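Novice: For reference, the structure I am asking about is given below.
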């Protein structure tokens with residue numbers, strides 16, 4: 001039973017968002033690191049994300065039954081009742097907001113609330129079944145944890161926040177379009193109008209290339225505007241341009257699944273590397 005409750009929180013999504021929080025928090029903390037603030041920022045944000053993921057699962061039960069990738073999810077198999085899941089999601093969400101507001105700051109709590117509303121209501125409830133641009137709107141919520149990592153320290157919105165926000169929008173679009181190509185048949189079964197379903201795989205591959213290009217440019221601005229060192233720029237550019245190169249090859253490749261899978265996994269490596277590098281950039 002506990003395993004089922006953990007599963008509906010989508011732990012892998014939570015871990016991915018924690019990576020974003022850690023990177024921006026450690027960057028913004030230098031030269032003083034507050035371990036308690038660090039702990040409560042991660043805990044509060046993780047609980048809010050977990051809550052939003054459960055509500056996402058609840059809203060998508062009918063869709064998930066149609067897709068091979070999701071047909072064995074806990075709520076689809078009724079291992080937990082929708083009522084129990086709703087109560088659990090509401091409880092951990094409220095606790096998460098409370099932790100952020102009381103132990104971090106009101107701004108970070110407010111940002112987490114915005115992310116929650118975008119993901120649950122605008123993306124999952126309103127747009128996912130209606131618009132091929134739902135992924136773009138959903139990426140707004142996925143960029144907010146990185147911003148929260150910074151506002152937990154600064155308690156203000158600045159240019160660095162804006163750059164992080166757009167950097168991770170570009171990253172997410174590249175990442176999720178690769179996923180959409182991998183599972184395009186599932187999305188067709190569920191009648192979801194995701195970009196590759198509506199516009200085709202080739203056009204999606206080209207858009208991935210454009211988004212990665214924008215990601216590289218936006219990441220470089222962190223150096224050109226004085227936030228990060230040129231060592232970061234040099235080292236990270238090597239890996240991000242290789243990601244762009246893979247994307248270019250995928251446009252010409254007929255084996256869509258092979259290169260989309262490669263793009264997907266490499267995008268994970270890129271985001272881990274990015275956050276690792278910004279967290280240690282003070283060394284340089």
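Using the three backbone atoms N, Cα and C, a Cβ is placed for every residue, glycine included.
Copied straight from Swiss-Prot:
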TRANSMEM  13-33  transmembrane segment
TRANSMEM  35-55  transmembrane segment
TRANSMEM  87-107  transmembrane segment
TRANSMEM  108-128  transmembrane segment
TRANSMEM  133-153  transmembrane segment
TRANSMEM  162-182  transmembrane segment
TRANSMEM  224-244  transmembrane segment
TRANSMEM  264-284  transmembrane segment
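How buried are the listed features, and what sits near them?
Specialist: With a cut-off of 8 Å between Cβ atoms, the residues of this chain six or more beyond the transmembrane segment (13-33) that come close are 41-42, 45-46, 49-50, 53, 142, 145-150, 152-154, 160, 164, 168, 268, 271-272, 274-276, 278-282.
Residues 17-18, 20-25, 27-29, 37, 41, 45, 49, 52, 100, 104-105, 107-108, 111-112, 114-116, 118-119, 122-124, 127, 160-161, 164-169, 172-173, 176-177, 180, 193-195 of the same chain lie 6+ residues outside the transmembrane segment (133-153) yet bring a C-beta within less than 8 angstroms of a C-beta in it.
Below 8 angstroms of C-beta separation, residues 20, 24, 135-136, 138-140, 142-144, 146-147, 150, 194-197, 201, 204-205, 207-208, 211-212, 214-215, 218-219, 221-222, 225, 227, 243, 247, 256-257, 260-261, 263-264, 267-268, 270-271, 274 of the same chain, each at least six residues beyond the ends of the transmembrane segment (162-182), sit close to that stretch.
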Novice: Determine which recorded stretch among 108-128, 224-244, 264-284 has the most C-beta pairs below 8 angstroms with the transmembrane segment (35-55).
Specialist: 108-128
